[in-house]
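Student: I have a structure here, written as structure tokens, and I will follow up with some questions on it.
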């Protein structure tokens, strides 16, 4: 079963007038992981798609998606898949890939139908691609590791870069995930924006009762979302994206836009936030 929800782009002047329900309706990515289903959110920010596939032992195939108006979803798109569950498989073209928990699979444009199987919980990201590039399976051990933060500032963390120029080639998609060390709660501090790219977060590995306070909005007009396990946030190019957790968590970040330069960001110091 395939379900697709469309999210329109929101400008910052309108966003700052929204109440809690309105903010969650536009920017919270939830209800993406249902057993036996593929559920996608099609955003108008760089035509980025995020979603989940939970085969639960019965294969699920993603092929034609009406919103793209192409014969197959990946005809003019690339895809990044992260397995946040148990071991599963992804088949595309004539190849089948085994993904353990934490593995990332990149599929280039023209990969045709994609089939998910096994016990995996697959997080899907996708954006338009101008050329076809080879598929690549990247394990945590093969990712580029970057240490940031400090215990004193409660933001000591490891950034693992997977779909990234230092690891592999993609067209527009950049993806990785960040793991916080014990005792640290803050991610992406100092905050930043990048007007050249949108970004999406997925928070996972959280206790049922735990929440992440996700900060968003223009630096002078910040807002917040309380986010549960396996929920995410859609971050427009004009918005900061930071958060603090009540308990441990990991988050997947994915970006699409004008470039794939991870360092292309404009930092906002805490004293400049309102």
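From the backbone N, Cα and C atoms, a Cβ is placed for every residue, glycine too.
According to Swiss-Prot, the record shows the following:
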- 192, 194, 199, 241: Zn(2+) binding site (BINDING)
Student: Cβ atoms within 10 Å, counted per site: which of 192, 194, 241 has the most, among these binding-site residues?
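Tutor: The most densely surrounded of these binding-site residues is 241.
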Student: What is the total of other Cβ atoms whose distance to the Cβ of residue 199 (Zn(2+) binding site) is within 10 Å?
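Tutor: Other Cβ atoms within 10 Å of residue 199 (Zn(2+) binding site): 25.
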Student: Please state whether DSSP places residue 192 (Zn(2+) binding site) in a helix, a strand or coil.
Tutor: strand
